[in-house]
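TrEMBL annotations:
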- 288-314: region 'Disordered' (REGION)
- 14-34: transmembrane segment (TRANSMEM)
- 41-61: transmembrane segment (TRANSMEM)
- 108-129: transmembrane segment (TRANSMEM)
- 135-153: transmembrane segment (TRANSMEM)
- 174-192: transmembrane segment (TRANSMEM)
- 204-224: transmembrane segment (TRANSMEM)
- 236-256: transmembrane segment (TRANSMEM)
């Protein structure tokens, strides 16, 4: 049965497990990135994976990358470059003790409670009623829980750095709590993302999920690590502009993936140029046909003379 009907038949497919393994390898590299860079920078750059998958699909799966897709790829690269240039500097968190202090911050506690309550309402109240007709229900669950999973990943990255430096991290309960929370969050994300993908088109789910997930992660990271606190106005504008550029590129890449570009959608000056070119071709064809004109009139004259003789004979 389909996921939309409450089934989990995809668990019996080896191809799904192979894809999950490849995703796990990619997320491991993503995990390492969170340990050394701000989450506000790492998460939006995940758009490059969408770009690479689109290019590889056009190469190996013979999927057509139309004009919208190519423009979307260029916008994603441009937005990623702008975000890297104006990336925020996170507040230094170098130990599990400082991470524990961040997690006890009242602002983060309020944010985490709001995320959990809203996720439970979406799952048990909005899901049965609107989950089959509204793409935002399950995608919002994935995005909200995903913001907490990124915080867990950040804390586990700090724990691994301390472990490799020789500190007794395994005796710290915070590391194990973060690990358990991460497993729960990722399980919820995978479950409801697969439900959304089963019910709705991938070209709709992917851009919506990217925008909501990245926005939730950037909000959570700003509250927890105070990444935006010491940023000047230029860097704030650059970061937001880069993020919006990436969003526009992802939207063009996926929302118009299967839409051709008819001539009517071209700008007026291009349509005029196309019409002039068409008229030029028609005049060239006319000129080419005029070269054979001596044959045609002779045949016409012959047929006309034959008709005249017949009329006279009558």
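Every residue gets a Cβ built from N, Cα and C, even glycine.
Where the annotation comes from TrEMBL, it is an automatic prediction and has not been curated.
Only sequence-distant pairs (6 or more apart) were considered; of these, at least three Cβ pairs between the transmembrane segment (135-153) and the transmembrane segment (204-224) are under 8 A, so the stretches are in contact. Residues 26, 30, 33-34, 69, 72-73, 76-77, 79-80, 83-84, 87-88, 150, 206, 210, 213-214, 217-218, 221, 242-243, 246, 249-250, 253-254 of the same chain sit 6 or more residues outside the transmembrane segment (41-61) yet have a Cβ under 8 Å from a Cβ within it.
By the Cβ criterion (distance under 8 Å, sequence gap of 6 or more), the transmembrane segment (204-224) is not counted as touching the transmembrane segment (174-192), fewer than 3 such pairs being found. For the transmembrane segment (236-256), same-chain residues at least 6 beyond its ends with a Cβ under 8 Å from one of its own Cβ atoms are 40, 44, 47, 50-51, 54, 66, 68-69, 71-83, 85-88, 202-204, 206-207, 210-211, 214, 218, 228.
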